[in-house]
């Protein structure tokens, strides 16, 4: 059983066939019961903790929390006790103990597509960019142009690249005032991102403030906004009711944005840590289903949303990641970081493109599998899963620019045909 990444868990494997599911799943469940909260192995006097997650209907085994016990405290969000009380399967996610699921990631997935679900995303890094030079600084830092934000309360998605055009991170920038912007970064890249941003802020009249005192909750799905608004104060309700896609508002120390990572309508709410548990409990009583990392991964993949560190990183550019739409070439004098390298790549012709794949036979595509184009293993799957909405395996892949409409995918030595499509499979609950 070969280990590979799944939702950024430490290690994972794949069951080889349905016949092995029953025996191997029972074995792993037994091992989990034996080893949970116990130690194994001795390396330089350090003990390790083992936890296994078995999802037999998806053919997945995940080994999580394989880390040195006592070496570093794992971080916990303000909702940690709430997750445990609901029976969540907790995993180590980039140093944060986060819920993988609350019993059924499939039910959680469908709840978001059909009704409403909520995600604890308090592990995300929130940074406020303050000062008169904030706009010019972000125009230099990001591939997208905050000058396109027509007024306060607007937001945009962007890449943040190095001088070679490689993607350091992707983020959303929110304009809260003419001298006040908020950016939300990935937790896995926090230290590197902050160091990069601080180093590039020199020479600008700008201050950077990481908001560790805040927490973040994403409420997503066709019923998400209505259910959330039913719990808000009259002032908050009035403010939220006017929001359109990629708009935001500050009201009563809470920050609301009509953004998300699921392909559904919804809100991302940033608020003081001490207030998030009350909101979580109220949403739970209102029928909003708690959802974990597993559902978040299948939802974002169906929506064609990239995961940093898996679908893109510093070795890839926006142009070969399906993100050229986030690169604003005009005006030329803006000269954002990486502009020269990206412009050169565009002029020479991008050799790789980012596509979606739909498997045409039984099997599940996974990250790292080779994509065979005209007899050559020239492509690679960056993210793959079983899609609960399509009831088929789907994937995101990077392939040669001239790839046609059909390819083969190497799944454990067996070549299975796949259809090449645009890298987005579902929008607002509808299959594209």
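Backbone N, Cα and C define each Cβ position, glycine as well.
As recorded in TrEMBL, the features of this protein are as follows:
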TRANSMEM  21-36  transmembrane segment
DOMAIN    79-330  domain 'GCVT N-terminal'
BINDING   268  substrate binding site
DOMAIN    352-427  domain 'Aminomethyltransferase C-terminal'
Residue 268 (substrate binding site): tally of other CB atoms within 10 A of its CB: 24
Collapsed DSSP category at the residue listed as 'substrate binding site': strand
Secondary structure content of the domain 'Aminomethyltransferase C-terminal' (352-427), with strand meaning DSSP E or B: 0 helix, 49 strand, 27 coil
